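Asker: Could you have a look at this structure, given as structure tokens, before my questions?
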Amino acid sequence: MRTPLIAGNWKMNGSLALVDSFARAFAERGIPATVEAALMLPAPYLYAARQAFAELPVALGGQTLYHQTSGAFTGEVSASMLGDCGARYVLVGHSERRELFGEDDAEVLARVKAALAAELTPVLCVGETLEERDAGRTEAVVLGQLAAVFDALAADERSRVVVAYEPVWAIGTGRTATPEQAQQVHAALRAHLATYDPTLAEGLRLLYGGSMKAANAAELLAQPDIDGGLVGGASLQVDDFLAICQSAG
Ligand code: PEP
């Protein structure tokens, strides 16, 4: 049985005031006990969120990390620093990082390993562009991104990763993959995971991300291989985020 995970990704948005207002809303309205909720926050807000959410069933995560543990890497943040500030998760390989900051599969692997070494759970993001989908290359692209990391991990490391399928053409565009399109890719991801180990494939959580919102979450989350959501824009509105959590409950 895979516990659904609804992870909000605030991207470079929000404020300390928003952290506090989410904490108040979560405390007043609650989160379904059958769902795990997490917020991937800008790093400067994590420590304050750790305090504000101390009594709440909401996990915290970073949006990126650097693969080195410490040193002369001005501006970068290590896995252990995220952990110190309350993060349990960290996004790795988000398409915005791949596209805008040039993170390739080798860098993504190094960051996944750094996260695991610091006892964080990496949320590995994979997804195809519209051009790749139109060329019939969706599965080749996402399975390639998955294999670039999973081939290089030990068995016990693989089971500590969460995978998020995020079609690039659906991120922040208002255009969502249909439940059937998403399910097809999730099933292919799970089948690939089974080539490492059927038990791994059965237990690993696969999230869908790409314009998930209150209005479409229920049908996406009802798909057999969709175990939760990575939610960008809609995670900035506490009503929407809580409604998505309800849909998963
Ligand atoms: C994301 O940033 O991971 C994402 C899925 O964004 P949105 O929900 O806004 O498409």
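Cβ coordinates come from backbone N, Cα and C, glycine included.
Keep in mind that TrEMBL annotations are predicted by a computer and have not been checked by a curator.
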Asker: N9, W10, K11, G172, G232, G233 bind substrate according to TrEMBL; which of S159, S211, S247 goes with them?
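Answerer: Answer per TrEMBL: S211.
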Asker: Apart from N9, W10, K11, G172, S211, G232, G233, which residues in this chain have a Cβ no more than 8 Å from the mean position of the Cβ atoms of those residues at the substrate site?
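Answerer: For the substrate site the neighbour list reads N13, I171, V231, A234, S235, L236.
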Asker: If you count other CB atoms within 10 A of each CB, which of G172, G232, G233 wins among these binding-site residues?
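Answerer: The largest 10 Å Cβ neighbour count belongs to G232.
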Asker: If you count other CB atoms within 10 A of each CB, which of K11, H94 wins among these recorded positions?
Answerer: H94
